[in-house]
Amino acid sequence: MAKSKFERNKPHVNIGTIGHVDHGKTSLTAAITKYFGEFKAYDQIDAAPEEKARGITISTAHVEYETPARHYAHVDCPGHADYVKNMITGAAEMDGAILVCSAADGPMPQTREHILLARQVGVPAIVVFLNKVDQVDDAELLELVELEVRELLSSYDFPGDDIPIIKGSALAALEDSDKKIGEDAIRELMAAVDAYIPTPERPIDQPFLMPIEDVFSISGRGTVVTGRVERGIVKVGEEVEIVGIRPTSKTTVTGVEMFRKLLDQGQAGDNIGALVRGVTRDGVERGQILCKPGSVKPHKKFMAEAYILTKEEGGRHTPFFTNYRPQFYFRTTDVTGIVSLPEGTEMVMPGDNVTVEVELIVPIAMEEKLRFAIREGGRTVGAGIVASIVE
């Protein structure tokens with residue numbers, strides 16, 4: 001079969017399945033592809049290939065499918081550790097998630113942990129699929145499980161009362177055994193995902209931001225900073241701010257070039273050189289950003305959700321304690337920071353995921369959901385995400 005051209009005629013949304021081990025995440029993923037995509041069997045999805053994100057190896061399965069309204073890229077992870085790593089590194093960014101919970105078991109430890117992770121890494125919306133309803137004969141019991149899931153979501157600041165909960169059986173859908181809880185439930189689920197998970201704002205519509213990778217001085221022209229535009233658009237003649245590491249300063253972009261050609265603007269995804277007025281070669285450095293004035297502030301202190309690599313993954317061999325001082329690699333540069341462990345946490349072991357407070361020695365242009373690597377002497381020992389800014 002010839003590869004069909006990817007049609008960009010529908011909004012694109014990234015989602016994933018989360019939930020406790022053996023509650024049916026992979027079966028549900030397979031069932032969705034059966035009705036909305038190119039069918040992928042359970043074992044095709046379960047044998048997820050390994051990939052690297054921020055120096056960390058993660059197994060993830062990617063499938064795609066579409067509803068009449070949208071095109072979806074869907075990620076499913078085989079193991080619990082892969083979920084933790086995936087959500088923290090943002091290897092597969094999620095605009096929303098389908099929480100799969102077995103009606104027979106109700107919420108379990110990883111159900112709770114995945115909801116907490118979703119909250120910490122800023123997953124905007126969750127839809128619930130209550131799976132294996134054919135294993136529960138008692139309607140009252142089913143209602144209790146639903147109530148329990150709603151309360152759990154609310155306890156992590158998701159709108160538990162309003163979240164759509166669809167009851168069904170992924171297995172019934174795969175085996176065509178009971179249309180009502182099988183195919184009908186899967187179609188109802190995707191209708192809920194279409195309606196409830198918001199379409200993400202495209203990077204190009206967001207305020208301009210470009211991490212600075214390099215600085216050059218061109219005689220007779222001035223200083224050029226290069227990098228890949230992360231979001232938004234920058235037009236020649238526009239005022240921008242240089243943020244991070246040093247006090248924030250303003251400048252004007254007097255030229256944009258790409259592949260040695262002069263352009264009138266650069267936009268999200270472009271690798272550009274921006275000529276900046278009145279900035280000396282040593283007045284700007286790698287690790288700062290160019291951005292729309294006032295859109296991003298520099299910060300030193302933040303709460304982070306982090307995953308610490310195991311020894312086998314090439315990480316530390318020993319635990320660390322409060323006042324641990326590694327480097328935090330933000331966008332294009334390393335900054336030393338001091339880690340404070342939460343009350344009651346004595347130490348952090350390799351393989352743990354943990355919420356910590358970090359204070360950097362210099363401020364970095366920072367906002368919630370910004371990802372970073374934790375490094376020691378250039379070696380990655382962990383990954384993290386800014387959960388909230390302290391100051």
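All residue numbers here begin at 1 and follow the chain in the order shown.
Keep in mind that glycine also has a Cβ here, set from the backbone N, Cα and C atoms.
Model confidence over the domain 'tr-type G' (10-201) is summarised by a mean pLDDT of 94. Marked as domain 'tr-type G' by Swiss-Prot: 10-201.
Under the heading region 'G1', Swiss-Prot lists 19-26. Beyond the ends of the region 'G1' (19-26), by six or more residues, the same chain brings 42, 45-46, 61, 76, 78-80, 99-102, 105, 107-111, 114, 129, 131-132, 170-171 to within a C-beta distance below 8 angstroms of the stretch.
Feature annotation from Swiss-Prot assigns GTP binding site to 19-26, 76-80, 131-134. Counting every protein chain shown, 26 other Cβ atoms lie within 10 Å of the Cβ of G19 (GTP binding site).
Residues annotated as Mg(2+) binding site in Swiss-Prot, with sequence analysis given as evidence: T26. Residue environment of T26 (Mg(2+) binding site) contains 24 other Cβ atoms, counted within 10 Å of its Cβ in all protein chains.
For the region 'G2' (55-59), the residues of the chain that approach it from at least six positions outside its boundaries are 48-49, 77-79, 82, 85-86, 89, 91, 307, 309, 313-314, 373, 380, 383, judged by C-beta separation under 8 angstroms. Taken from Swiss-Prot, the feature region 'G2' covers 55-59.
The region 'G3' feature in Swiss-Prot is assigned to 76-79; the stated evidence is similarity to another entry. For the region 'G3' (76-79), the residues of the chain that approach it from at least six positions outside its boundaries are 16-17, 21, 25-26, 29, 45-46, 48, 58-61, 63, 86, judged by C-beta separation under 8 angstroms.
Residues or ranges marked as region 'G4' by Swiss-Prot: 131-134.
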Tell me the Cβ contacts of V133 (GTP binding site) under 8 Å, same chain only and six or more apart in sequence, or just say none. A103, L142, K167, G168, S169, I181
Report, as a single number, how many Cβ atoms besides its own are within 10 Å of the Cβ of C77 (GTP binding site). 24
Quick check for the class: what is the C-alpha distance, in angstrom and rounded, between H80 (GTP binding site) and T26 (Mg(2+) binding site)? 13
If you count the other CB atoms within 10 A of the CB of D22 (GTP binding site), including all protein chains displayed, you should get 13
Candidate with the highest Cβ count within 10 Å, taken from the binding-site residues K25, H80: K25
T26 (Mg(2+) binding site) sits from G19 (GTP binding site) (Cα to Cα, rounded, in Å) at a distance of 10
